[in-house]
Amino acid sequence: MSDIALTVSVLALVAVVGLWIGNIKVRGVGFGIGGVLFGGIIVGHFVDQAGMTLSGDMLHFIQEFGLILFVYTIGIQVGPGFFASLRVSGLRLNLFAVLIVIMGGLVTAILHKIFAIPLPVVLGIFSGAVTNTPALGAGQQILRDLGTPVDLVDQMGMSYAMAYPFGICGILLTMWLMRLIFRVNVEAEAQKHESSLANGHSLIQTMNIRVENPNLNNMAIQDVPILNSDKIICSRLKRDDTLMVPSPGTIIQAGDLLHLVGQSTDLHNAQLVIGKEVDTSLSTRGTDLRVERVVVTNEKVLGKRIRDLHFKERYDVVISRLNRAGVELVATSDASLQFGDILNLVGRPASIDAVANVVGNAQQKLQQVQMLPVFIGIGLGVLLGSIPLFVPGFPVALKLGLAGGPLIIALILGRIGSIGKLYWFMPPSANLALRELGIVLFLAVVGLKSGGNFVNTLTQGEGLSWIGYGIFITAIPLITVGLLARIFAKMNYLTLCGMLAGSMTDPPALAFANNLHATSGAAALSYATVYPLVMFLRIITPQLLAVIFWGIG
């Protein structure tokens, strides 16, 4: 059997064993995709015992390409919400998550200096303790750029594997500890979260208002400032028994019922100006109007603003909401359409069908992947990651590397959405498939390289002390920030659990947090809010630590 065939066969075996290990769960918690690392260690141990030789160049390529696929697809997935998560609504959550990352780096630095832990080993412990595989890849990349011998770089994977198990268990223990210390009633926390959402500014809501302000009688909608703003959409108007779709020139009269869409505060302000909120239904049932959701798939409208498409004027159709990457937004006139946007339309059936034809609404296109943008994005990411940044006092140029470059490019492209006929939307199923393939390939190679000496290191070497160092890196930041967030910020327990899971980019921890309350989305919401920024910082941190400690010795 050729070296290539043997290498591929061994990698396939690693994937099978590792994914099987990852599917083993104890009380609903398992290693997940991280099981591939341990599958690689097991297979690597027996490969070493058997004296088999695998293709080193091929393993290196597969490891790096797998990492590129993984971080690129993550960036494309979270790109649309990344910059939004940095705004005020998620600022507090992101600040606490960033504090966890910074504290983890500081604890790592202190351990490195006090116990003289070799740099590759301590970076591996850090990556495993925070259960972040891209951090491992970024650390190995910068160590190679610094000229670290290959055998020492491979130690990073071994120390990562030592620290990884408690990295997963540690966050679950922290959640349990917070619940015990503060005697948390999970059901009450879920109700508080729902109440805060109802009174907050983050959810798009609706309100039916009767026009009672005499100053508005016989005025056009476009002449009423509160109705002619990008904060409020008037999607339906009912006069007597007639329900209609209003246009900017529609004249409103006293007694008209308006169906408004917007954020809670804006709706309240509109109600103060217009009249009284009523419980009267403005449902389209039994009328010649209907509400329908259509998806943007036509390349000709990508990047165009809603106002430039003139849906109200041409088709008598109102876009009441816009859903982008799972986030409900007010469909402002300045909003530019992106591939995969879901529009909530109100109008007559024939008019809605006409608008659907304009925007595409081709569901099958959502399942297709444009491969050209994928490779353009990967190529740009690799180029960006290879650009040297010369910093005075550092022995080598700082680079984003094969982990940071593709991630940043993917975040930007995911936010842009499309350029001309090229769109960077990727169907969730395709994104997940490429992401899982990438991380499986990466972890399989890391495990194989670590497996030969893993048992000896654990039983006869410093493996146990590495595990101890990892416990400090995992536990100190999580417990400290958890206490601060709960005591001083009065953070909701479910939100706190999601933030802790997101700060470690740990899906098994998110699954555990979600299972705390079956119907609450608090944990998932906070996880998604901090995940993009934390993932970026987790990739950058080991590179900064490596360059700093290499420079100061």
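Just so you know, glycine gets a Cβ as well, placed from its N, Cα and C.
Not measured: the values here are computed from a predicted model.
Per-residue pLDDT, averaged over the domain 'RCK C-terminal 1' (192-276), rounds to 85. Marked as domain 'RCK C-terminal 1' by Swiss-Prot: 192-276.
Feature annotation from Swiss-Prot assigns domain 'RCK C-terminal 2' to 279-361; the stated evidence is sequence analysis.
Long-range contacts of the transmembrane segment (4-24) within the same chain: residues 30-40, 42-44, 47, 52, 54-55, 58-59, 62, 440-441, 443-445, 447-448, each at least 6 residues beyond the stretch ends and with a Cβ under 8 Å from a Cβ of the stretch. Taken from Swiss-Prot, the feature transmembrane segment covers 4-24 (among others).
As annotated by Swiss-Prot, transmembrane segment applies to 28-48 (among others), with the evidence given as sequence analysis.
Marked as transmembrane segment by Swiss-Prot: 65-85 (among others).
What Swiss-Prot records for 95-115 (among others) is transmembrane segment, and it gives sequence analysis as the kind of evidence. Outside the transmembrane segment (95-115), and at least 6 residues removed from its termini, the chain residues within Cβ reach (under 8 Å) are 122-123, 125-126, 129-130, 465, 469, 472-473, 476-478, 480-481, 484-485, 489, 491, 499-500, 502-504, 530, 533-534, 537-538, 541, 544-545, 548-549.
The transmembrane segment annotation in Swiss-Prot covers 158-178 (among others).
Sequence-distant contacts of the transmembrane segment (371-391), counting only residues of its own chain at least 6 positions beyond either end whose CB sits under 8 Å from a CB of the stretch, comprise 68-69, 72, 76, 397-410, 413, 422-424, 426, 547. Look at Swiss-Prot and you will find 371-391 (among others) tagged as transmembrane segment.
Taken from Swiss-Prot, the feature transmembrane segment applies to 403-425 (among others).
What Swiss-Prot lists as transmembrane segment is 437-457 (among others). Long-range contacts of the transmembrane segment (437-457) within the same chain, counting only residues at least 6 positions beyond its ends with a Cβ under 8 Å from a Cβ of the stretch, are 10-11, 14-15, 18-19, 33-34, 36-48, 54, 59-60, 62-63, 65-73, 133, 136-137, 154, 157-158, 160-162, 463.
Residues of the same chain lying 6 or more positions beyond the ends of the transmembrane segment (464-484) and with a Cβ under 8 Å from any Cβ of it are 96, 99-101, 103-104, 107-108, 111, 115, 117, 121-122, 125-126, 128-130, 159, 162-164, 166-167, 170-171, 173-174, 177-178, 181, 458, 496, 500, 503-504. Marked as transmembrane segment by Swiss-Prot: 464-484 (among others).
The transmembrane segment feature in Swiss-Prot is assigned to 533-553 (among others); the stated evidence is sequence analysis. A Cβ distance under 8 Å defines the sequence-distant neighbours of the transmembrane segment (533-553), meaning residues of its chain 6+ beyond its ends; these are 71, 74, 78, 82, 85-86, 94, 97-98, 100-101, 104-105, 108-109, 112, 119, 122-123, 126-127, 130, 132, 134-136, 138-139, 141-143, 146, 391, 393-396, 398-401, 403-404, 407-408, 411, 502-503, 505.
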Problem set entry | Secondary structure tally of the domain 'RCK C-terminal 1' (192-276) (DSSP, helix then strand then coil) | 25 helix, 32 strand, 28 coil
Exercise. Quick one: DSSP breakdown of the domain 'RCK C-terminal 2' (279-361) into helix, strand and coil?
Worked result: 23 helix, 27 strand, 33 coil
